[in-house]
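Novice: Dropping the structure in here first, questions after.
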Amino acid sequence: MGDTGSERSNAPSLPPRCPCGFWGSSKTMNLCSKCFADFQKKQPDEDTAPSTSSSQSDLFPSETDSDNGNTSIPTPTVNPTQQLPTELNVDSPSKEDCGPCTDSAHVSLTTPSKRSCDSDSQSEDDTSPMKRPRLLDSGDRPDNSSRSKQKSRRRCFRCQIKLELVQQELGSCRCGYVFCMLHRLPEQHDCTFDHMGRGREEAIMKMVKLDRKVGRSCQRIGEGCS
């Protein structure tokens, strides 16, 4: 019985609890390992705070001393009479100098308007000659009477080269002249005949016209055959 009582008295005691709820240790101030590490991290910050304040206090006296030293430096004095002539020379322009400047400014402002009007009139004059040839081109071409008659149909009317019978037949144009193979096309000899208008008229004449019956009468299939 005595042995059992001594064993109970000598039973190991439980470790202390950390405020976070985990088991702590007497070596770590009854804190767990995590809380003890956080506690150690906070201690250097608390130690450095007073040191920084002391360093700032050490710096401020030096700044004040430097300020006092700057104020003690004598500043050179400047005579006000020396500055007055320069200010007067810069800021006091005479009216005689400004007069011609303003006049020239007015002249320069008024002259561009006149030039612009002149340029507009010149541009209209320049454009009008360009419109006249277009009106001539759109109008009718000169008649055959303005051109001289061909003396010999055996020669080209343009280059006066001698033509054979076959060339005379192939080179004859509707304008009434005979040309060689180099000048037989209308674009090459400034033909006065309206080939495009004649072609349109011929195309209209050759068009197939369909006879359409207009009315309401109906005819059955086969009535015409019977």
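Glycine residues also receive a Cβ, built from the backbone N, Cα and C atoms like all the rest.
Swiss-Prot lists these features:
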ZN_FING   12-44  zinc finger
BINDING   Cys18, Cys20, Cys32, Cys35  Zn(2+) 1 binding site
REGION    42-149  region 'Disordered'
COMPBIAS  49-59  compositional bias 'Polar residues'
COMPBIAS  67-92  compositional bias 'Polar residues'
COMPBIAS  105-114  compositional bias 'Polar residues'
COMPBIAS  134-146  compositional bias 'Basic and acidic residues'
ZN_FING   150-199  zinc finger
BINDING   Cys156, Cys159, Cys180, His183  Zn(2+) 2 binding site
BINDING   Cys173, Cys175, His189, Cys191  Zn(2+) 3 binding site
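Map the listed features onto the structure and describe their local environment.
Specialist: Beyond its flanks by at least six residues, the zinc finger (12-44) meets no residue of its own chain at a Cβ-Cβ distance under 8 Å.
Cβ neighbour count for Cys18 (Zn(2+) 1 binding site) (all protein chains, 10 Å cutoff from its Cβ): 19.
In sequence order, Leu163, Gly171, Val178, Phe179, Cys180, His183 make up the list of same-chain residues 6 or more apart from Cys156 (Zn(2+) 2 binding site) whose Cβ falls under 8 Å from its Cβ.
A coil conformation is recorded for Cys191 (Zn(2+) 3 binding site) in the three-state DSSP classification, outside any helix or strand. Proximity of Cys191 (Zn(2+) 3 binding site) to non-local residues of its own chain (separation of 6 or more, Cβ distance below 8 Å) is seen for Cys173, Arg174, Cys175, given in sequence order.
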Novice: On the 0 to 100 pLDDT scale, where does the zinc finger (12-44) sit on average?
Specialist: 80
Novice: Check the Cα-Cα distances from Cys159 (Zn(2+) 2 binding site) to the binding-site residues Cys18, Cys20, Cys32, Cys35 and tell me which is shortest.
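Specialist: Closest by Cα: Cys35.
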Novice: On a simple 10 Å Cβ count over all chains shown, which one of the binding-site residues Cys35, Cys180 is most densely packed?
Specialist: Cys180
Novice: Cα of His189 (Zn(2+) 3 binding site) to Cα of Cys20 (Zn(2+) 1 binding site): how many Å, rounded?
Specialist: 115
Novice: Per 10 Å Cβ neighbour count, which of the binding-site residues Cys159, Cys175 ranks highest?
Specialist: Cys175
Novice: Other residues with Cβ within 8 Å of the Cβ centroid of Cys156, Cys159, Cys180, His183 at the Zn(2+) 2 site?
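Specialist: Neighbours found: Phe157, Arg158, Gln160, Ile161, Gly171, Phe179, Met181, Leu182, Arg184, His189.
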